[in-house]
Amino acid sequence: MDIVKNYLIAFDQYTANFRWESGVTPLSSYVFPFSTSVIYVLVIFALQAIMKNKKGMVLKGFSIIHNINLIILSFSMMSGVMYAAYQQYLEQGAFSLVCEQSSQSVQGRIGFWIYIFYLSKYYELVDTVILALKKKPIIFLHIFHHMAMVPVTWQWLHDQWLVGSWWCTLVNSFIHVLMYYYYLQTTLGNPCWFKKYITKAQIVQFLTGTAMVSYWFVIRDSEKCQAPLSPAIVSNTINSFFIILFGKFYYDSYKSNSRRQEKLNKVE
């Protein structure tokens, strides 16, 4: 028990001392997120072309490991940023979580977990590679979501924008625990009843994020929040696209199907 306790204390101290430095911290240069997004799209289109006349791969074992990895990683990020936000609340007050108190607000514990969240977006690109190799349908929403999140999360750190970043890290990680658990169960061939609730939760995430950022816009000047406007504008713009795209996906996947079934029942 002492070993575990000492490890946790040492790890907490390490995260408390975390510092994001543009051009110094690994993958902190703008070249990495933007080039990755372009390469990601090209690779997916290339894989689809290569697999066009081939049989889709099974990849069951790899998919199981991949989903388990992301369940563990997502749970760790959710727990980590929740603890970091709580510690900041104790040290600086709740208002520090909705209005940056300095130009270096995404540092220390909370900065560490937002950085891990940023890195996780690179790993999540493997989701699409698996779909392409399996010859599964890949919708625009999926590609746009994965492509956009790498540069968006990089900008949070680069511009030291705290408000939307810690909240998105917390809520998105929670949703991804459920989502990758669902993917794991479907890979194992087990039924999973809550698929549509994951999409609902994602829409709620974007709505709450948009509301939080909109509040930040209102108080930014009067409260002298120490962060630039650009990451907030980008995040709310991306959130608006996500709300529309996820809303359409939910309607097409669930509402339109239920209405078609109702019509069939009436005919019968």
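Even glycines carry a Cβ here, placed using N, Cα and C.
Listed features, source Swiss-Prot:
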type	residues	note
TRANSMEM	31-51	transmembrane segment
TRANSMEM	62-82	transmembrane segment
TRANSMEM	110-130	transmembrane segment
TRANSMEM	137-157	transmembrane segment
TRANSMEM	161-181	transmembrane segment
TRANSMEM	198-218	transmembrane segment
TRANSMEM	227-247	transmembrane segment
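Contacts between the transmembrane segment (62-82) and the transmembrane segment (161-181): present, as 3 or more C-beta pairs lie under 8 angstroms, all at sequence separation of six or more. Beyond its flanks by at least six residues, the transmembrane segment (161-181) meets 67-68, 70-71, 74-75, 77-78, 81-82, 84-85, 97-100, 105-106, 110, 113-114, 117, 153, 155, 192, 194, 198, 201-202, 205, 208-209, 212-213, 216, 225, 227-228, 231-232, 235 of its own chain at Cβ-Cβ distances under 8 Å.
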